[in-house]
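A.B. asks: Before I ask anything, let me first share the structure, which is written out below as structure tokens.
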């Protein structure tokens, strides 16, 4: 695709790009001549052959300003065309842009339009791909005009004929062939490209479209409708490319009384899909490269072009000598195949292979597609000049904004700047001599270099660049050696360590680039992580350890109990060696301080022999004039900013992180930078002073371990005994044993931690490293000194869940050493971790790429979209483990509606207020505020991009987000980066299973009164271990709810769903305390219980048919398990295994369906009591630690909006459940509401039903088990519900599985993009098509355009209007008034019907491909399909997103590239109006569609 048309220069300031199907005329207009020979260069002279594929006459000279024969040399002959060789004297660079062409002997079908799915040509001609192929490859004839002979034979246009049939007609009606080709009576049938071209020429698109629309409206057959819709889409795409020549002319004609003149269209004609001329791309894009030894490496395209030319020339010769039809036909077919291979060689099974190596040649399509294609390799990712890379080492003495740049690198990178300075200062006379100075490494150059780099920032980048902090700017400092030096605090942002990592250096050259690097990218301006708003420059490892060591307390240290007048005295005393670093001392200090309550215990530091002193100190402490602290903390306070309170507690990593966040928000980045540098220095210094190192003796195994292990072995033996006697099933035994060991592991883990804590007064080096957060986790400490515990089995379990837990734990720890068997079991996890890492990194990277592509054009485009919508944030949701707190979700958002305190009924916040950190903190403490409606990206009404108010504050700065901020890209980075990080982190666990003791006792989190809803209970008697009888209330109704209510206000504090089978420990109306037991649950299985006393009857429970007896190999005990009988039984009489509960007289009380995998716990005919267990359904408990390996596929599943593999059946209405009859293998579940609206759901038998007969369900409640499909939520509860569901579910994976904090607004940005489209259901009177996916805003615009218009049903005596067309109501009214005056028949009309649509949830891949911009979509995936579709439609790309602009080489329309910033006018006349954005630019921005400067691309 080239842009130069004829000789006109390329327009550089274009604002949009249009793509269309190239007509033969446009190919010829771009061509500089016809390529006639297949030769490339002469083998003797190595000069291009004339008229060949490299011809200088066509493509331009190979040497600058020199013609082929050498008659004209030098630039003075510029533009002259040599009379001898015909070559234009010009720069050789034109060989990159000049095109040629090949005139084909017969028309050839373009493979893209024929092989695309659905086939464009097939859709227009209503032919299947098979049929088309037979015509195109010269197997059958197709009738183009039946003429007289055809009519006699009963042939119609488009009928296919074999060779025999064709020649039979030709011979039978010989005279007919003498008629003129245009004669309607002449019989014409052709094959190949000619036939297709002739058929396409005869197509009338308008009447085809009308006919297809008629079929859509009138046809009864669904299949016919679907086919018509498929064809109509292609027809309408072609029609869309036909723009009327001028809107004004059209308007003028519409109501004039003269007949309209015929329209002149400039659009894609269907026959353009068949080519008579093919373009030859410029030779520099398919070069011949000389290798040593006189051989040449050639681009594959040259081979492909050569085949086309050879076959074309041979065909021309054969036509000239009038060769037999058979030979001609074969040659034409070969030409078609050669052109197919040139355009797309990868689609065909028999692709053209290269001669020497057996690989397929790279065709034009292949050079666009994929990672190595033109888009991704050359346009989106370019190599950069002025860059270098080297290994990094730590630079502990650097300031935060500095980095160390090796001198040798610096002189190379800044060479042009240095040369200029050397010449200016007179060190060198010319550039050449300056270069020599540099090569000689003359001492003079170093001073010059120092001056040059002063104030010239450089950018450092570490691959993989997962988020924007992967590239930061620094002020370079020249260093000796060859390694870059990096500040230790920026390592977290780069995810760098110093084990051999390399980093790249880039130099911003222009003044603007340097400014942006200084202002926006300097490392000291990027202290906060954009993904969560938390600081990223946090001390780690040695620094944390140093600061932790510094602030620790040691009892009995030298100088403890001393009282100092001020902090300066403390420092002097320490320097003089009078007090130790960790001594507990008292200092007179009356400013604010941040301390824990344990400082009163410091009074012990004063000996008991001095009671007066003790008493006085205590009084002073209570009066807050004296402060109990340590020497180290005073030293730390010396580096603190003055306005921050004294930190009087031990600083571990978490406290340090919070402190840094506090400092940044209070004193700003400049002061914070100094503070961070000081903390770094102090940390390293103290880590050195402390001399911390760990030895073998520091890992202390707790004494109590043996006792706990003994106990656990006893318990597990007891469980095995119970299992042997048949009291437990295999599954229950497994789960119970796992629980026992999990408990012991946790206890031993705590014990070992406490042992370390007590050792040496908490100064055990291993403990300090763990406790400070410098290195290692509690889990690793457990493995070192406790016990390794249970290990996960890496392969999939029986139930298909990843990784079960091996029930024999590893009892040893790494300090004691493992036995051979234990070591072997351990290797499992370690190896799995390493293999996972390499596999999952690619997945996470691909997820990031899709996220970027879907969100790349979400930019902040306006200040306020004016919507009143928003989303609700409720307080009670925060109780779920790992969820973000209520006030954290509000921080940095704007309020949508007034916030009212439900207790005092006062307005706390007004609509439009920003919730700052302080306000969020107030809301957290104000219990009266339970529900806040905030503005959200999900409900933003901006036409393009989003508005600043809906987005809230920029997390990285804490201020309102600026116009032009590329929030979509930031969102994609924020979600993608942790995904990659987490997958890289799985193997640190070493496969040790953690977590997962199933919750068996549920306790109250609040104090209050209980209120039961829908809870039905029965009393059940059980016997405990001693044989004593116990009575329990057992819940026998699903979906029962227990509320904890504040008795004073009546407000519900907590709402909990009580599971079926729960053992209640409380009654309705009870007062409960915080922590009191509410109910117990069986964690490993769900029971099926008898509701009343009675007798049991088994129905359809037959041995070997619906259940099998599984005897355990070890115990021989038999379990009865319901099996999947549907797959085996084909007899009609089996319905479904169920247990009936009868009275003693045989009357039915209840019937319980028993699902597959359930274990029977009762006997046929036995008497049971209310609450007895009839059967148990085991839960698949595969409890394994937080490892995002399970999480990443879940995130992908949610972002791709895939339906889960085993979806739940969901109720669509509120109503009461009843069970219907059984059909085949399905059971009917009916839900009926108060308005007699009934829905029937068919549930496969054996799937566990969660509701009982008579239960009340709400719309959206699941009826069966399984995951709820997001599509169902969208259908039943609407877009808002599904948006919230997706955001919450993705957050769950990140927070609970991985402990990563991502702000909701990033997820909202992506989810918004997934719901941007609607699907047209009924097109009404618009030009839309049913089933079309279009943008919400476009859909609204289309409907608003036909408002106030009417559709003419009968035109009466009016002339210039069409029936069925739309016109403005006033115009028709005016026309009717005129007609009434003249007593003519009036126009009858009806109002225009708007289109209707439904919201669609698209996965991120399809959403990215559905983008408005074809350039962006083509560079993402399915390049050829996207380009084909766009070309047919004649699409225009307005270059609104980021990606399109990068591809065409313009500044991106975000950040400083926004139109409003680029058209600033700077003037100095009067300082007050020194700059003003032009008003026009502000309004129209980059997004206004401009009429001028369009570039056309032809396929």
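Counting starts with 1 at the first residue shown.
A Cβ is built for glycine as well, from the same backbone N, Cα and C atoms used for every other residue.
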A.B. asks: Looking at 1450-1474, 1475-1499, which one is region 'Disordered' according to Swiss-Prot?
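C.D. replies: That would be 1475-1499, per the region 'Disordered' entry in Swiss-Prot.
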A.B. asks: Based on Swiss-Prot, name the residue from 940, 1066 that is recorded for the same Zn(2+) 2 site as 865, 947, 950.
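C.D. replies: Site partner of 865, 947, 950 for Zn(2+) 2, according to Swiss-Prot: 940.
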A.B. asks: Between residue 950 (Zn(2+) 2 binding site) and residue 82 (Zn(2+) 1 binding site), find the distance joining the two CA atoms and give it rounded to the nearest Å.
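C.D. replies: Each residue's Cα considered, residue 950 (Zn(2+) 2 binding site) and residue 82 (Zn(2+) 1 binding site) end up 66 Å apart.
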A.B. asks: May I ask you to report the DSSP-based helix, strand or coil state of residue 947 (Zn(2+) 2 binding site)?
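C.D. replies: The three-state answer is strand.
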A.B. asks: Closest to residue 69 (Zn(2+) 1 binding site): which of the binding-site residues 865, 940, 947, going by Cα position?
C.D. replies: 947
A.B. asks: An 8 Å radius from the center of the 67, 69, 82, 85 Cβ atoms defines the neighbourhood of the Zn(2+) 1 site; name the other residues of that chain inside it, in order.
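C.D. replies: Not counting the recorded site residues, we get 56, 68, 70, 71, 72, 83, 84, 86, 87.
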A.B. asks: Cα distance, residue 67 (Zn(2+) 1 binding site) to residue 947 (Zn(2+) 2 binding site), nearest Å?
C.D. replies: 59
A.B. asks: Roughly how many Å lie between the Cα atoms of residue 82 (Zn(2+) 1 binding site) and residue 940 (Zn(2+) 2 binding site), rounded to a whole value?
C.D. replies: 64
A.B. asks: List the Cα distance (Å, whole number) between residue 85 (Zn(2+) 1 binding site) and residue 865 (Zn(2+) 2 binding site).
C.D. replies: 65
A.B. asks: Which residue among the binding-site residues 69, 950 has the fewest other Cβ atoms within 10 Å of its Cβ, if you could check?
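C.D. replies: Selected from the binding-site residues 69, 950 on minimum Cβ neighbours within 10 Å: 69.
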A.B. asks: What is the separation, in Å, between the Cα atoms of residue 865 (Zn(2+) 2 binding site) and residue 67 (Zn(2+) 1 binding site)?
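C.D. replies: That separation, Cα to Cα, works out to 62 Å.
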A.B. asks: Rounded to a whole number, how many Å is the Cα of residue 940 (Zn(2+) 2 binding site) away from the Cα of residue 67 (Zn(2+) 1 binding site)?
C.D. replies: 62
A.B. asks: By a simple count of other Cβ atoms within 10 Å, which of 82, 85, 865, 940, 947, the binding-site residues in the record, is least packed?
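C.D. replies: Fewest other Cβ atoms within 10 Å, among the binding-site residues 82, 85, 865, 940, 947, is found for 85.
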A.B. asks: So what sits near residue 67 (Zn(2+) 1 binding site) in its own chain, CB-to-CB under 8 Å and at least six residues off in sequence?
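C.D. replies: Those within reach of residue 67 (Zn(2+) 1 binding site), by Cβ under 8 Å and sequence separation of 6 or more, are 56, 61, 73, 82, 84, 85, 87, 88, 89.
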